[in-house]
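The next block holds one structure in the form of C-alpha cells; read it before the comments.
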Amino acid sequence: MKFTRSIFKTILPLDNISSEVICATLDKIGLEVESFEKLVAPKKVIVGKILACKKHPDAQKLNVCEVAIGGEEGEYQSLQIVCGAKNAREGIFVAVALEEAVLPQMTIKRAILRGVESCGMLCSSIEIGFPKINDGIIELDNSLGELIIGKELLEYDAFNDEVFEISITPNRGDCMSIIGIARELSVGLNLEMQPLKMPKTSENSPGIGRVLQITTNEKYESSLMYKAIELHSIPTPCCVALFLAYNEALEEDWLSNVLGFATFYSGVILNAYPQDFCRLEDKDGIDKMLLKLKKDELGFESIYYKDRKLSTIGVESFSYKGFKHNKDKEFVVLEASYIPPQIIAQKVLEANIKVDTKIFQRVSRGSNPDLKLGLDVFGSFLNDERIVFYTDTQELLKVIKRESITIDILLLSKVIGCVLDKITIVNILKALEFKVELPADENLLIATPPLFRHDVIGFQDIAEEIIRFVGIDNVPSQPLSFVQNNQINAESEFYHFQRKLSKKAIGVGFNEVVHFVFHNKEMLEKYGFETLEDKLELLNPITQDLNTLRSTLLMGLIQAAVYNKNNGFSAISFAEIGFTYNKKRQENIKMAFLQSGLVCQEHYPKTKGIKADFFAFADRISCVIGEFTLQAFQSNIKIFHPNQCAKIFRGKKEIGILAALHPALRESFGLEETYLCELDLKSLKDELPKVERYSKFQKVVRDLSILMPKEIPYYKLKETIQQLKIPHILKFYPLDVYRDKSLEDQISLTIRFEIQSYEKTLEEKDIIEVMERVLAVLKTKHKAELR
C-alpha cells in the first residue's frame, strides 16, 4: 500500500519529522517500507486560470487560451497559450509551465503553433512528473488548499510530497488504511492524532427515515449503516485522484473514486445505491428507497430490492459503473458494512465462488468495524455546497464482544527479555486503543483488544505488540540458553516403529517400495475392494488411471511385480507402508508384502534358485512382525486364492490377511507363484522384549500323532491344549500332516511338544501324564484318536 505525507498531515502532525525517521519507525513496528520516493513539481510551474478559450483558427484540435498567471480579479496578468487538451475550458484552474520551466521530458520555450504564438504550456499530471489522474490537462481544485493564481505548484503539499510504500502482512487488516497506519505511527513517534473534520449537516436537512427503509427477517452476522445524500455530478477532488493514482485504484467514475478513497482512508467497506435502482413510492407520493437484508441461495448475506440482488456483503458491491448522474440532482444512499473476517473467509472457501478481489482482500483480513467513521470520511472530502447530507443514519448492527486477555507483567518481561514498567505497558496498549483494566494484583493487567484488531487473541499477541514499540534493539542481548524438552510423543514413536518394521523387512529380503496414494477406481471395484462413496470422490484427479484414493496397498504391489517380471526379474519380494482410505474417506495406515517367483535368484550352489511356498512366506512375515497365528476363511476379494487365504491373529486380535494370488489372475498377470499379505499397522505394537526365566533342568521333546476329522482347523486344537494350562509344556507346534485315501475323512497330524520343569528333572511318568492329559482332551472335544 502507498501513502503520502500530505495525506497524513490531515490527522498526524509530521512537519518536524524527517522521512528517514518515518521509514525507520515503520520498519521498527513491523510495517516494512518497500520503497520511498520524493515527488516535487518543477519550478516555474504555477497555478493559472483559463480566462477565455476559443478554437485555433487553423487547427480543429487546438484551442487558444488566455490564461491568468498573476494579479487579482479584474487586473489579471495573462498569457496566450495554445493547448490541445479536450478538457481545456473557461473558468478552470490549471497548472501552467512558464517559459524556461524544466519539465521531466522537455524545457518550455515560446513557440509559434500554426501561426499563433504560445507563451507556455498547460500541463497534465504526467508532464510534471506525477501519475496520470485524468485525460488532458490537470484541473486544480480547493482540495489542494487555497488556489492563488501565480503561486508555484511545488508550494502545495500534494505537489511537494513524499510517497511511502509499505508491505502489510495478511494478519494486519487494520493497517490497510491511512487511519490504521497513522495510529501505529502515532504510538511509534509518540504523537497525538488529530480529530477528523466532520461533514456539516444543515439544520434544515430532511431525515433519512423519510427516504430510506431497510428491513430484515433473518438472523444476520453483518453490521450495516446507511446515510443519504443529494448531489450533483462533481469531479473527483484532485488530492483524492492523486492518492488513488499512486495506489493504481483510480476509476473513471467520480463516485467510485470517492468511495474507494474513503475505504483506503478509513478501512471501512463502503458502497452506494442510486435511487433509480430501488425506488418505492409511499402513500404520500414521496419517493422512498426500500432495501432488504437476506441470505442468497448460497447463504451469503446480501442486499435486495424486491427480488433483485444489489450486492453481497464482503463479496461483491453494487455495480454503478457507467451510471449517469442527473445534472440537476441525484439521490444516493451510502452503505458502510462489516462482517467478521473468519465468517466470510470460511463461507467463500466452502462455496468456491468468484469474488471482487478489491473488497474480499480487505474483508477477509479484517475491515474496520467503525462504520460511522467511513461515512464521515466520505463526507469530509466532499466539501461542496451542492451536496446535501440527510440527518441521522439507519443501522442494522451486530453486537460484537471481544474476550479480555490477562497479562502477567512478570511473565511478559521474561518473554520479551527485559524488565518492563507497568505504566509503559498501559500507555502502549491505550495508545493502540486497547481497553485496559487494573485488577487488585499489581502484577496483572486485563486488556481487551479493539474490534479492528482481529489478529490479537492471546497473551503472545500482546507480547508482540509491546516488543514492537519497545524496540528489539532496546532489549539487552543475552546468550541463548535453553534445555530441550522431550520431543518423543505417540506420533514419533509410531513413525520409528514403521521404520523399524521396514528395516526388518529389508533384512529378510524384501525391497521397500512406494506408490501413489491414488489408484484406478474401476480396477479396485473389479477385484472387490472397497472404494470411496461418490460424493467423496476426487474432484480433479491427476489422471484417469489415478481417479480415486486407494483402499489397499496390494494392487500397487501386484502392478510393480508385473513390471519387474516383464523386465526379467525372477525373484520379486516387495514391502510397502502407506495410507489407505475406506469408503467414508477415513484414513488408515497399512503394511503390505508380496513374494513372487524365487526367494533367492539362481547362483552357486543354488543353481535353480530357492523357491518358497505359502508357509515360507508366512515365516518371512513372522521375522518382521513376530509370531502370529492363521485362521482360514473365504474372502470376497477376488485376487485371493479361495483355498489359501487366512486371517492373521496376534493373540485374539485380527491384524491382517495372508493369501496366495488366485491362479487365474496369476496367469493373466504372467507371474509365478505369488503370495500376498496386508497388515493394519495400528493393530501392531512396538513391544519391548520381555525377559523370562529359564529352567536349568533337562528339556524333553515328545511327538504326538493323532487321527482327527480333516475339517477341524489346527487353531481349535491349539486353543483346547492351551486351556489345559499345563505348566510343563513350554511350547507345541504342528510337525507333520499326512493324508491318504485309506484315512477317508480323517487326517494324520503330528504335534511336537517341548516339555520342561522349573523345579526338577522330569521323570518318564511325569512326561506320560502330560501327554495323556493332552490326548484325553483332544479325544473328548475333537474326536481325535492316537495313531
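Heads up, the Cβ atoms here are built off N, Cα and C, so glycines get one too.
Just so you know, TrEMBL annotations are computer predictions that nobody has curated.
Marked as Mg(2+) binding site by TrEMBL: Asp455, Asp461, Glu464, Glu465. Positions annotated as domain 'TRNA-binding' by TrEMBL: 39-154. Annotated domain 'B5' per TrEMBL: 400-477, in sequence order. What TrEMBL lists as domain 'FDX-ACB' is 695-787.
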Seminar exercise, completed: By the 10 Å Cβ-neighbour count, the most surrounded of the binding-site residues Asp455, Asp461, Glu464, Glu465 is Glu465
Exercise. Helix, strand, coil residue numbers for the domain 'B5' (400-477) per DSSP?
Worked result: 33 helix, 12 strand, 33 coil
Seminar exercise, completed: Across the domain 'FDX-ACB' (695-787), DSSP labelling yields 32 helix, 32 strand, 29 coil
Exercise. Whose Cβ lies within 8 Å of the mean position of the Cβ atoms of Asp455, Asp461, Glu464, Glu465, the Mg(2+) site, other than those residues?
Worked result: Arg453, Val456, Gln460, Ile462, Ala463
Exercise. DSSP helix, strand and coil counts for the domain 'TRNA-binding' (39-154)?
Worked result: 8 helix, 51 strand, 57 coil
